[in-house]
Amino acid sequence: MGSVFNDAHHGDDDFDEGLDDGLDNDFADGPDEAPETDDPFVSAAWRAEQVRAMERPLLERGVPLMRMAATAAAHVAQAMLERQPDGPDVADAHVLLLAGAGDNGGDGLFAAAELADQGANVVCAATGRTLHAEGLRALLDAGGRVLALDPEADIPGAAVPDAQDGTDETDGDPLERVMDLYENADLVIDAMTGIGLKGALRGIPAQLAERIGADRIDPRSPALPVSEPAAQYPMVLAVDVPSGVGVDDGTLPGTYIPADVTVSFGALKPCALLPPAAYACGQVVLVDFGFDTSRVPVAVELVSAAETRRHIRLPRLADNKYARGVVGLITGSDAYPGAAVLSASAAARANAGMVRYLGPERAERMVLDRLPEAVFGEGRCQAWVVGSGIPDGDHADVDSPQREAIRRLLEPYAVGEANWPEPESLLNIGLDDLPESFEDLMAMLAPTYEGGQESLPPVVVDAGALDLLPERVPPQVVITPHAGELARLLRSRGQAVDADDVERDPLGCALEAWRLTGATVLLKGAITVVVGSDGPDKPRVVVNGNAPAWLSTAGSGDVLAGSLGALLAQAAADEDRSLTLKMADLAAAGAFIHGLAGQLASGSGQAARPPVVVYDEDRDRLAEAMAPTSEKLRDATPFAPIGKPILAGDVIAQLPNVYALFASMNLSEWN
Ligand SMILES: NC(=O)C1=CN([C@@H]2O[C@H](COP(=O)(O)OP(=O)(O)OC[C@H]3O[C@@H](n4cnc5c(N)ncnc54)[C@H](O)[C@@H]3O)[C@@H](O)[C@H]2O)[C@H](O)CC1
Ligand SMILES: [K+]
């Protein structure tokens, strides 16, 4: 499954060949070769202002970034046409360019001029009052035509539609004219706005996006494997970013044009990684300009296989089961005993040394039936998982003993309220003595710990335990809400937010929850957004996008909680490591493992955020890199490319295989 471990390749490109010989630096030499699986270039995104800061030194040295961007866009356009089984040759293609007045429009004009040079029939619809002058000249010289949509436009050589008249081809409502062109086009190049967009689209671009965007958004369409040939014409190529998306925050503030492919220049922007904007980007092809990213902090990071591998602890020569990490679970309930089985089995199959389960008798019996290895005896736990399958305060008639136990477990994590009795040690809970009732348990969980809050074991707070979270907690507390649960948590802290608000602005809401609680926030969704601490008051944002749509199935969250608990226990088992600043990466790695298990279980090459393709000037290599995952997966499984339905248990069954995959990657790098 090559595509799972990002195929994208950074470095060794000869994109700069033929450029200004005066280039002295690493750009001229191409960036350093990076290992295939560990390339920050394809897994990090920077905000618009940061991208501008990184492009500035290159522009000052006279590097022709716009021409490089345009050539790359033209090559990508060609690759899109060529991969359509019934697609026209470039020379016969009808291309509609939507060009704004800024440099994004300039990129589009030069790109379209290259296609027109090869014989394509290109019409540019200008959405602003002006067009990039040199780009316009290039397109007109290459035989392209230009239609100005704004009656006040001042664009030399452009036709201006005139609704009053009725005599020539420019007559009629300009938007209708564009829609006619749209319907007859093979390819649309969307270059209305790039990183210069302010707020939601307004005016003519907004109207165009409303018409074209509405035509293209169908939430009922099936989740297909990556970059299948487009199901409909015209295909849309977005220049740098799809026009209308929130470049820095990943929101969709107004109308926008969803793309089949987005060709992104210099560096990824957050909208390429964050939901919901990432869904509008389609396949992302990233053009390397050789930016110096070393001094610019990453805004959003995509968790990679290589990063995940770093957090896994392989068994060592002298290990015993305790050294490998013990996971304690207070999950499952009389109402949902299955969650106990799922969370405990997931933890047990995810490379933990041992699993301790704590719950009502019936759930305990079910866990033992399915997992005879589970223990209920005394000993250490390096990480906890609480709340999966436990009704929350609104749904539990009386506060159950389980909820009380979780409340006690979480008490010592309350920041600023430390006033604990002498530690018997929280880590030593005598589960043997565990009663039918939880009375004694509560006593045993009395808030005690050694070495201060920092040394408390990491804990995953899921589902019904979210309303038991203390006001403020340290970062080793990971909360794992979905949109509705996050909204509820924020409401409990005075924010007027509902689930739709969270879905509209997942990053904003996860950041808010992190700010308010201090917890590491893992917001579940097709793309998972994690916000954790990267130092005092400094958030770290990591997303995971490798999950196939098949993974949205009952019990999936219980599996995530259990397997994340196991990952945290492995990390915490090495006591010399402080996890505080690693929690965001650990949580995202947990989501990656879960997503990969879902891909293996379903045999699907589909992913919410398909791997980023690095632009290659070599046409054959570019075509290969952009090829559908179904082709790459053809021999991997009989079910590729679509995959098959799965149950939570199927995902659990694949967890050992995920670890096996990691174990076979670059063994020399293992700790
Ligand atoms: N990343 C790189 O290294 C390079 C990127 N390039 C391209 O340049 C654009 C950014 O160009 P800029 O001129 O700064 O802005 P835009 O073209 O994105 O937008 C300006 C354009 O949009 C109009 N506009 C702004 N807000 C709105 C709105 N809310 N509604 C409607 N219209 C709006 C504004 O009036 C202007 O007309 C970058 O994305 C790349 O594509 C370069 O090629 C160099 C290298
Ligand atoms: K654009």
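Every residue, even glycine, has its Cβ placed from backbone N, Cα and C.
Annotated features, as they stand in TrEMBL:
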- 103-107, 194-200, Asp240, Ala339, Gly430, His482, Asp558: (6S)-NADPHX binding site (BINDING)
- Asn104, Asp190, Ser243: K(+) binding site (BINDING)
- Lys524, Gly525, Ala526, Ile527, Thr528, Gly557: AMP binding site (BINDING)
- 13-39: compositional bias 'Acidic residues' (COMPBIAS)
- 51-297: domain 'YjeF N-terminal' (DOMAIN)
- 304-662: domain 'YjeF C-terminal' (DOMAIN)
- 1-40: region 'Disordered' (REGION)
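Only Asn104, Ile195, in sequence order, out of the binding-site residues Asn104, Asp190, Ile195 have a CB under 6 Å from ligand 1.
Counting Cβ atoms from all protein chains shown, His482 ((6S)-NADPHX binding site) has 17 others lying within 10 Å of its own Cβ. In the vicinity of ligand 2, defined as a Cβ distance under 6 Å, none of the binding-site residues Asp103, Lys524, Gly525, Ala526 are placed. Every protein chain shown contributes to the tally, and the Cβ of Lys524 (AMP binding site) ends up with 23 other Cβ atoms within 10 Å.
Around Ala526 (AMP binding site), the same-chain residues six or more apart in sequence whose CB sits under 8 Å from its CB are Pro275, Tyr279, Gly545, Ala547, Ala549, Ser552, Ala608, listed in sequence order. Other residues of the same chain near the K(+) site, with their Cβ within 8 Å of the Cβ centroid of Asn104, Asp190, Ser243, are Leu98, Gly100, Gly105, Gly108, Ala191, Met192, Thr193, Gly194, Pro205, Ala238, Val239, Asp240, Val241, Pro242, Gly244, Ile257. In this model, the domain 'YjeF C-terminal' (304-662) carries an average pLDDT of 86. Restricting the binding-site residues Gly106, Asp240, Ile527 to those with a CA within 10 Å of the CA of Asp190 (K(+) binding site) leaves Asp240, listed by sequence position. Summary of the AMP site environment: with the site residues Lys524, Gly525, Ala526, Ile527, Thr528, Gly557 set aside, the chain residues having Cβ atoms within 8 Å of the Cβ mean position are His482, Leu523, Val529, Asn544, Ala547, Ala591, Ala608. In this record, AMP is bound by Lys524, Gly525, Ala526, Ile527, Thr528, Gly557; the longest C-alpha to C-alpha distance in that set is 14 Å.
Thr528 (AMP binding site) sits 9 Å from His482 ((6S)-NADPHX binding site), taking the Cα positions as reference. Considering only the binding-site residues Asp103, Asp190, Asp240, the Cβ with the fewest other Cβ atoms within 10 Å is that of Asp103.
The number of other Cβ atoms within 10 Å of the Cβ belonging to Asn104 (K(+) binding site), over all protein chains shown, comes to 27. In this structure, the binding-site residues Gly106, Gly525, Gly557 were compared by how many other Cβ atoms lie within 10 Å of their Cβ, and the smallest count belongs to Gly525. Other Cβ atoms within 10 Å of the Cβ of Thr528 (AMP binding site), summed over all protein chains shown, number 30.
Sequence-distant neighbours of Lys198 ((6S)-NADPHX binding site): no residue of the same chain at least 6 apart has a C-beta under 8 Å from its C-beta.
You'll find the Cα of Asn104 (K(+) binding site) roughly 7 Å from the Cα of Asp240 ((6S)-NADPHX binding site).
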